[in-house]
Amino acid sequence: MKIAVLSRNPRLYSTRRLVEAGTQRGHEMVVIDTLRAYMNIASHKPQIHYRGKPLEGFDAVIPRIGASVTFYGCAVLRQFEMMGVYPLNESVAIARSRDKLRSLQLLSRRGIGLPITGFAHSPDDIPDLIQMVNGAPLVIKVLEGTQGIGVVLCETTQAAESVIEAFMGLKQNIMVQEYIKEAGGADIRCFVVGDKVIASMKRQAKPGEFRSNLHRGGVASLIKITPEERITAIRAAKVMGLSVAGVDILRSNHGPLVMEVNSSPGLEGIEVTTGKNVAGMIIEHLEKNGGPNQTRTKGKG
């Protein structure tokens with residue numbers, strides 16, 4: 001197969017590993033800088049050009065679209081879909097998962113366990129919003145944040161009110177979530193490919209920190225997940241419409257709670273921690289399921 005990898009940087013671990021794994025399995029791998037691909041949206045022959053030439057003959061595309069280029073990246077991916085190229089994850093699913101609030105609304109509708117989450121616009125509603133999530137301590141998250149940036153733990157009601165007011169004053173969209181104390185600053189990253197959890201790891205926040213993101217100094221270790229956690233991760237990825245996803249789960253007193261469903265999960269942490277060839281499994285999934293016009297939306301965007 002001829003497979004495009006949409007990535008800003010061919011030197012990134014995840015991009016390198018996907019290219020390696022694909023090449024090892026006999027595929028032609030082409031890394032395309034997402035922001036340098038440009039489109040001709042013609043009615044009969046949609047095209048993508050790259051460095052002055054049209055991109056042609058691709059069987060599949062692997063999007064590694066960073067959060068900051070979601071809008072343009074999804075447009076490029078959608079154009080590939082219009083051309084009948086099979087995407088590892090569809091543009092609609094990626095756009096959906098990048099909107100944290102929309103994701104939680106979709107997951108809650110399907111009855112998937114979530115931390116109690118509040119969202120409000122007016123400062124007048126702050127006291128009731130705080131009560132809604134069972135009061136302090138609570139967590140405040142900027143909707144557009146990634147890698148643990150813009151996530152604040154407020155220990156007291158007073159602190160929570162000040163932080164929420166500050167964010168609202170800056171016109172930042174935020175959500176307020178109950179703090180799951182029993183998780184002890186740890187979460188579980190379940191790596192879903194197709195309808196299986198192919199690898200999972202525990203991420204423990206460093207002492208004095210509650211954010212377990214590896215970018216924030218969290219430490220990863222092996223973990224055996226429960227059947228309930230496995231089912232939750234697979235269902236969450238399915239609800240979002242993602243074939244490949246990193247589902248972050250907290251262990252709470254009332255079962256697994258989904259924190260986030262990531263459409264472009266990094267491979268380094270999970271491969272190094274588990275020793276599994278995750279990149280190879282992703283390519284294998286493409287081989288089994290990919291093909292012209294095989295997208296769930298059948299290439300209609």
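Note that Cβ sites are derived from N, Cα and C of the backbone, with glycine treated the same way.
Taken straight from Swiss-Prot:
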DOMAIN    104-287  domain 'ATP-grasp'
BINDING   Lys141, Glu178, Tyr179, Asp187, Arg211, Ser212, Asn213  ATP binding site
BINDING   Asp248, Glu260  Mn(2+) 1 binding site
BINDING   Asp248, Glu260  Mg(2+) 1 binding site
BINDING   Glu260, Asn262  Mg(2+) 2 binding site
BINDING   Glu260, Asn262  Mn(2+) 2 binding site
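The structure, with features from Swiss-Prot marked on it.
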| residue | record | contacts (Cβ under 8 Å, 6+ apart) |
| --- | --- | --- |
| Lys141 | ATP binding site | Lys100, Gly150, Val151, Val152, Ile174, Met175, Val176, Gln177 |
| Glu178 | ATP binding site | Pro115, Ile116, Thr117, Val133, Asn134, Leu138, Val139 |
| Tyr179 | ATP binding site | Ala136, Pro137, Leu138, Val139, Leu153, Phe210 |
| Asp187 | ATP binding site | Lys202, Arg203, Ser212, Asp248, Ile249, Leu250, Met259 |
| Glu260 | Mn(2+) 1 binding site | Lys100, Ser103, Val247, Asp248 |
| Asn262 | Mg(2+) 2 binding site | Ser97, Ala245, Gly246, Val247, Asp248 |
Please classify the secondary structure at Glu260 (Mn(2+) 1 binding site) using three-state DSSP.
-> strand
Greatest C-beta neighbour count within 10 angstroms, which of the binding-site residues Arg211, Ser212, Asn213, Asp248 = Ser212
Across the domain 'ATP-grasp' (104-287), the model's average pLDDT, rounded to a whole number, is 94
In terms of DSSP three-state secondary structure, what is the assignment for Tyr179 (ATP binding site)?
-> coil
Which of the three DSSP-derived classes (helix, strand, coil) applies to Asn213 (ATP binding site)?
-> coil
